[in-house]
Amino acid sequence: MPKKFGRIHLVVMDSVGIGAAPDADKFFNHDVETHEAINDVKSDTIGHISEIRGLDVPNLQKLGWGNIPRESPLKTIPAAQKPAAYVTKLEEISKGKDTMTGHWEIMGLNIQTPFPTYPEGYPEDLLEKIEEFSGRKIIREANKPYSGTAVIEDFGPRQLETGELIIYTSADPVLQIAAHEDVISREELYKICEYVRSITLEGSGIMIGRIIARPYVGEAGNFERTDGRRDYALSPFAETVLEKLYKAGIDTYSVGKISDIFNTVGVKYDMGHNHNDMDGVDRLLKAMTKTEFTEGFSFTNLVDFDAKYGHRRDVEGYGKAIEDFDGRLPEIIDAMNEDDLLMITADHGNDPSYVGTDHTREYIPLVIFSKSFKEPKVLPVGHFADISATIAENFSVKKAQTGESFLDALV
């Protein structure tokens, strides 16, 4: 079967969810002050930002963001009379609301055993191994679920004095190491993270989904995390559609932390880590305009929505970031060929107006655009992996574990 689309570009607006998922009652955030567990039933990332701050997103509105099925319409994003794109929302079937789970399911995997989390912090024997390898002590008081900005506010001054490591976790399956660049160089931090990754793989006794390097700079009271973040993930436990494309000889481009999330498996050309989301758009455009990129798949993650604004519960910053991305959409569309397909989605929610500091269990929006479309419409609500099943069918490779293609619906 001939390809319907020569190139497919998938852009993940990290954490930009569109309302509580049907199973949101099984997922929780914890009140920062009372530590009370509150389920995610009332979470609604786009909806609450639209309601509280307002969103001026003319390009996403024309594509049909306001047409996505919801119990109540978005306050400041009206439905388009004739949307320029197919739109819908997708439900997650995997047992997790973290980055790896979301991206892996989008690429066709069904994660029914959630990655282990460490709400009480990491065990002493692991910390001792890290101390022995690094030659640095670890601040034990930080070894618990912590906001990334709060942990450096609380322990950054001490690290500047002592050179101790700040190791912390969250409600997600991650071990994060924060290091002030004046005390611990990026190179040293990355070596420590690589070591931790090597001793926390499956079968090692303690498995961790991702090890994250978190360098920062500044002075007490004015610390700022830098763009030197690195994620050290596990390899997917089964073949994803990304890997199937690669093995079939189809060009695959990654932008941002996609290569980290999949541990490079299935990535042929890595466009590098983003300094920020606008730099990520620049990198995507650079990939799209490469003369040799005539057919294939690009996969982009824009993480600032999540890392800079969602976890920090910054409604204003989050809204501004969405508007900034909206302002770049015409450039992305201009760079598309007539037979290109653009899909814009998310990987989970992170409602900046919600209790706690962690992700929220939500539907994700899906916008599907091509210059060749005649009369786009609203598609039935589907599942995350429908994206990869559609990509797989287009490029004549087998889908992964789950997902139903909607390729035939795109006319």
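Note that Cβ sites are derived from N, Cα and C of the backbone, with glycine treated the same way.
The Mn(2+) 1 binding site annotation in Swiss-Prot covers Asp14, Asp347, His348. Annotation comment: Swiss-Prot describes Asp306, His311, His359 as Mn(2+) 2 binding site.
Annotated features, which come from Swiss-Prot, shown on the structure.
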residue : record                : Cβ neighbours (10 Å)
Asp14   : Mn(2+) 1 binding site : 24
Asp306  : Mn(2+) 2 binding site : 27
His311  : Mn(2+) 2 binding site : 21
Asp347  : Mn(2+) 1 binding site : 29
His348  : Mn(2+) 1 binding site : 32
His359  : Mn(2+) 2 binding site : 32
From the Cα of His359 (Mn(2+) 2 binding site) across to the Cα of His348 (Mn(2+) 1 binding site), what is the distance in angstrom? 7
Given the recorded Mn(2+) 2 site (Asp306, His311, His359), which additional residues of the same chain have their Cβ within 8 Å of the Cβ centre, ordered by sequence? Asp14, Ser15, Ala307, Gly310, His348, Asn350, Thr357, Asp358
List the other residues in this chain whose Cβ sits within 8 Å of the Cβ centroid of the Mn(2+) 1 site residues Asp14, Asp347, His348, in sequence order. Val12, Met13, Ser15, Val16, Gly17, Thr99, Gly102, His103, Asp306, Ala346, Gly349, Asn350, His359, Ile364
Rounded Cα distance in angstrom between His311 (Mn(2+) 2 binding site) and Asp14 (Mn(2+) 1 binding site) is 12
